[in-house]
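Asks: The structure is given below, and queries will be raised subsequently.
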Amino acid sequence: MSFNFSRYSGAYTTTFSFLLLALLIVSAVLLSRPYAPALLHAEEAYCVSMSCVTAAASVLSLMDATADPCSDFYQYACGGWVRANPIPDTKSMWGTFVKLEQQNQLVIKNVLEQPMSEFKSEAERKAKLYYMSCLDVNDTIETLGPKPMLDLLVKIGGWNITGNFSIKNWSLQKSLETLQNRYNMGGLFTWAVGEDDRDSKKHIIQIDQGGLTLPTRDNYLNETMDDKVLSAYLEYMTKIGVLLGGEEKNVRTQMKAVIEFETELAKIMSPQEDRRDEEKLYNNMELDKVQGRPPFINWHAFFSNAMENITRKISKKEKVVVYAPEYLEKLNDIIRNYTNTTDGKIILNNYLVWQTVRSMTSYLSKAFRDAYKGLRKALVGSEGGEKPWRYCVTDTNNVIGFAIGAMFVREAFHGNSKPAAENMINQIRTAFKSNLKNLKWMDAETRRAAEKKADAISDMIGFPDYILNPEELDKKYKDLEIKEDEYFENNLRVNKYNLKSNLEKLDQPVNKTRWGMTPPTVNAYYTPTKNQIVFPAGILQAPFYDIGHPKSMNYGAMGVVMGHELTHAFDDQGREYDQNGNLHKWWNNQTIEAFKKRTQCVVDQYSNYTVDNKHVNGKQTLGENIADNGGLKAAYHAYLEWEQRNPRELPLPGLNFSHKQLFFLSFAQVWCSASTDEAIKLQLEKDPHAPPKFRVIGPLSNLQEFSTEFRCPLGSKMNPVHKCEVW
């Protein structure tokens with residue numbers, strides 16, 4: 001018997017009775033509506049456990065029973081949520097994912113605020129110190145003001161904006177080596193060590209386009225639409241320059257020139273929608289061959305300088321992958337024009353140093369952080385301003401997330417979630433494979449290879465085991481020094497630690513158990529070079545997964561997430577990688593053409609969706625849309641298979657929905673959300689995902705079983721005559 005049983009049993013009864021009454025009232029309203037489902041369970045028992053009652057109440061509270069499910073299922077499933085959940089002033093987007101993230105943040109906050117003696121490892125104590133440095137418990141950040149940045153500017157050679165710069169001895173080569181290879185900052189291009197697409201057991205240096213401050217190239221090129229953003233960007237740059245000692249008029253003039261330079265970069269970048277063919281992007285060449293094409297720097301000297309971090313030599317014959325050779329060639333022409341004059345060189349240095357300054361201002365005093373509010377408002381429609389502890393929890397998770405993960409898992413992750421999730425994944429994999437036999441557009445040989453690839457997909461669930469071993473966890477962060485009163489310096493050290501850790505992978509075989517997300521993350525991912533799907537502990541919670549919920553709800557929410565990630569192995573990019581994660585052609589030509597024809601249907605379908613008269617980019621979102629559609633179908637068929645093998649679950653009280661209908665409602669309600677106009681615009685320009693509404697109505701309108709369950713007439717919006725089907 002629990003010590004506090006009598007106290008809580010009374011609360012349980014009261015809450016239960018209240019929810020049951022609420023259900024009866026709301027269900028009466030629901031059944032009075034013209035589009036309510038037929039009475040399905042008139043004379044049978046209902047599930048009246050606490051989990052079932054709360055689940056039913058949640059489903060009802062999110063719905064808009066006045067909407068027609070056959071016209072707009074998103075409104076039907078989520079209209080109540082949207083009505084009851086205005087976007088908080090500090091947010092640009094508000095929805096199920098964000099709410100769950102905030103719950104996870106609270107768990108982490110409570111753990112981080114424990115005394116040092118409660119932590120299990122040195123890594124966890126470092127996380128606590130970092131969190132305290134972010135919160136600035138001793139007012140060190142405010143006392144120091146701009147000093148940490150001014151000290152850094154001296155170390156990296158000065159900045160003309162603040163007047164402590166001489167062009168006399170400046171060189172682009174030296175500046176890039178200092179900023180990128182010592183401080184891990186950005187500018188002009190990006191590079192990193194990653195898995196080799198064509199030989200996924202090995203690591204290789206990868207070079208790509210990059211170097212913009214604003215989120216998309218469109219922000220620079222669509223001047224009419226983005227004039228507000230560009231004006232806010234210039235204002236932000238000017239404020240930062242003045243805070244660092246520059247004279248306002250002079251700072252504004254010089255920063256305008258930096259924006260013009262960034263605009264030149266934006267013009268030569270390929271849009272994301274044109275970078276979806278991995279075969280075409282991959283260009284493996286020796287380092288000296290890179291030198292022959294865009295010689296604005298000495299590439300061998302640059303990477304030799306980088307390798308000094310790990311005392312490794314690099315040959316001119318070292319193989320690297322260049323994903324944007326045309327960009328580098330065009331960049332060479334731009335650099336040549338700017339380095340021909342003294343003013344041009346000053347602009348180049350101003351740009352490069354700005355890339356460092358803007359990435360570090362959030363670690364300075366409040367005046368610097370406030371300077372960003374105007375630009376944030378222009379970009380996403382909100383100035384931000386969340387509580388410091390929330391910001392610092394997120395920041396600490398980004399920096400030392402596997403130590404945070406150990407605390408989170410001990411506090412909030414239930415052990416039985418892992419085997420249950422594993423079982424669900426296997427059922428969805430089986431359903432996906434079974435469906436391959438029905439695909440008449442796929443030849444037999446490619447189908448057999450696809451089945452082998454599906455079987456070979458590995459999964460990681462919850463968290464990596466090593467994080468609960470203090471000695472192993474400490475090894476990961478042993479080279480990272482964290483001090484309580486050095487927030488700015490902590491982040492300089494984090495940058496160097498991350499750079500060194502990345503470089504050290506170069507001569508190591510690929511570790512297929514390395515996680516790319518921290519355990520508290522509310523998300524999931526697929527890695528094509530590992531042929532692997534990963535589901536962190538953070539998402540294996542209600543409303544995505546709850547052991548007390550009916551299987552229909554768990555398959556509809558978490559099951560579709562699992563099916564989505566699995567289907568990424570066969571989207572327009574994932575399909576180019578074989579079962580071992582290697583990029584090569586393993587499909588029959590005729591099957592490739594049939595696949596492209598079917599994916600064009602998806603491109604056209606989503607390109608016809610609009611938000612505020614702006615079209616969804618069907619090409620840019622193709623991979624995610626394929627995964628959404630395939631994931632829904634695989635999860636639904638897996639649920640049907642589960643339903644056939646198991647005793648029938650009791651219906652939820654007050655709903656009069658079948659469990660098949662509950663599956664679709666649970667799927668849709670995961671995406672209940674609202675965004676500012678600015679955030680939607682940015683999403684349409686940048687995000688590979690379609691807006692939430694279309695992630696619901698797109699896949700459902702393509703799945704005949706949905707229309708059958710909700711009795712949608714052929715030709716209605718949710719049951720179009722012409723449907724798209726890939727997997």
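Think of each number as a place in line: the chain as shown, counted from 1.
Heads up, the Cβ atoms here are built off N, Cα and C, so glycines get one too.
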Asks: State the disulphide partner of C392 as given in Swiss-Prot, choosing from C134, C672.
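Replies: Checking Swiss-Prot: disulfide partner of C392 resolves to C134.
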Asks: Tell me, from C52, C70, C78, which cysteine Swiss-Prot puts in a disulphide with C672.
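Replies: That would be C78, the partner Swiss-Prot lists for C672.
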Asks: If Swiss-Prot says H564, H568 bind Zn(2+), which of E504, E624, E641 does it name for the same site?
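Replies: So the Zn(2+) site in Swiss-Prot includes H564, H568 plus, from the candidates E504, E624, E641, E624.
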Asks: Sorry to bug you, but what's the C-alpha spacing from H568 (Zn(2+) binding site) to C52 (disulfide bond), rounded to the closest Å?
Replies: 33
Asks: Rounded to the nearest angstrom, how far is the Cα of H568 (Zn(2+) binding site) from the Cα of N340 (N-linked glycosylation site)?
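Replies: On Cα coordinates alone, these residues lie 47 Å apart.
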Asks: According to DSSP, collapsed to three classes, what secondary structure does E565 (active site) have?
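Replies: Assignment for E565 (active site) reads helix.
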Asks: Quick check: with H564, H568, E624 left out, which same-chain residues have Cβ atoms within 8 Å of the centroid of the Zn(2+) site Cβ atoms?
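Replies: Sorted by sequence, the hits are Y526, E565, T567, D571, G623, I626, A627, D628, G630, G631.
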Asks: Please report the DSSP secondary structure of C601 (disulfide bond), reduced to three states.
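Replies: Going by the DSSP assignment, C601 (disulfide bond) falls within a helical segment, counted as helix.
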Asks: Cβ-Cβ under 8 Å from N608 (N-linked glycosylation site), same chain, 6 or more residues apart: which ones?
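Replies: Same-chain residues close to N608 (N-linked glycosylation site) (Cβ under 8 Å, separated by 6 or more) are H615, G618.
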